[in-house]
Structures are given as C-alpha cells and as structure tokens.
C-alpha cells in the first residue's frame, strides 16, 4: 500500500511513522510513503491568497493544489484523494478497511484558513475528519490515518489477535490490561487473570470491555441498542 502526502511541511514525515511496528512495516516494504511539497507548485512564491468576501486568514489556492494533485496522480495513479478537514466525514475504525483496499491513497494536508472549494469540487476530493476539534494543519491528522490503516495491513502486526481484540473492533472498547508485578501500591491483579481458566478469563474480558465502554463511551452503547 502506498500513501502519498501533499504538505507544506515535508520535513515532518515520516516522524512517528518511522518507528516501532509502523516503521518496521515501512522498512520491510509492507507500505510506502511519498511526500510531495506543495510549495514546489507555488505561483509567484505563493500558495495562498486572501479570501473572496473578506474574513480572517488566508486560503490555499486551487491552481497550486491542482498542479500538485496532477503531479501526484500522474506519478502514482491515485485511487483515493482525501483532504483532512474538521468538517469532513468522521474517520472511524471501520474506515480503515476501505482505505487499505484502495492501494494508492493521496492525503492532502491543509493549512491557513482552508482551501479553495473549487479544488475539492473539481477533483472530487473526499473530506475526512479525525475528530471534532481543530488542528493547525493536516499533518498530524494524516499521520493518524496512516498509522490506523497500516496496522491493518497483513504482516505489519506480528499477532493478528492484537488487532482483533482492540477498541472499536465490534462496538465496544478494549478490556483492561494488567502485567507484572502482581501487586503495586496496594492494587492487585484480578485473580481470574492468573487462574489459567481461559473461559473465565474470556468472560472477565467481555465484562471489562462492556464496563469501559459504558463509562467512557456511552454513545457506542446507545448506537448498538
């Protein structure tokens, strides 16, 4: 799988994507990353301009982004084109499967006040949000999307069960975890986890996941019902 990123700040990549299991996946060829500097396509050294109609901030130019997209598409045969935006469709765990199947995915990292809508309309660009909050740019959001997708690529995670037991696989959060020491600051590991009884351990984990979901994400419980 290949991710192609359009960004004003290419130096931030791969960043955290270059370490741990995601970084090993990159080094071992399970996925690849191409980073294209938007400033390479600047017009008179500018990539933005003042918004028509007035208002705060600057807007990224459609012609600049269009040239950047044309280059990316001709070079990498883009299958999905995505603009990271707080007003986009919310990116959830189930979104990863569709992206992984797309192979060549373009992630466009915005800056300033926004991008000229004509660029999004002309190239039929999807808008995707990683949450109901605003970031200074799309780079962190792009990294989150890439990380979430790459760990779903077969072979990247050493243990497939790790993926199957995670939060949002199904409609609940992940169960609580414990490791050594058995007792810490007067707090003990639940005895059932040390019992060796796999049926009881499985039941405990189901209940633990349900408790965590009801406490931290009651909206997921409501959606399921």
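Heads up, the Cβ atoms here are built off N, Cα and C, so glycines get one too.
Note that the coordinates shown come from a computational prediction; the quantities given were computed from them, not determined experimentally.
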Joining 130, 131, 132, 133, 134, 135 at the S-adenosyl-L-methionine site recorded in Swiss-Prot, out of 110, 155, is 110
Within the chain of residue 132 (S-adenosyl-L-methionine binding site), which residues six or more apart in sequence place their C-beta under 8 angstroms from its C-beta? 86, 90
CB within-chain contacts under 8 A for residue 133 (S-adenosyl-L-methionine binding site), separation at least 6: 86
What is the one among the binding-site residues 130, 134, 135 whose Cβ has the most other Cβ atoms less than or equal to 10 Å away? 130
So if I measure Cβ to Cβ from residue 110 (S-adenosyl-L-methionine binding site) and keep only same-chain residues at least 6 apart in sequence, which ones fall under 8 Å? 60, 83, 84, 85, 137, 138
Taking DSSP three-state, what's residue 134 (S-adenosyl-L-methionine binding site) in: helix, strand or coil? coil
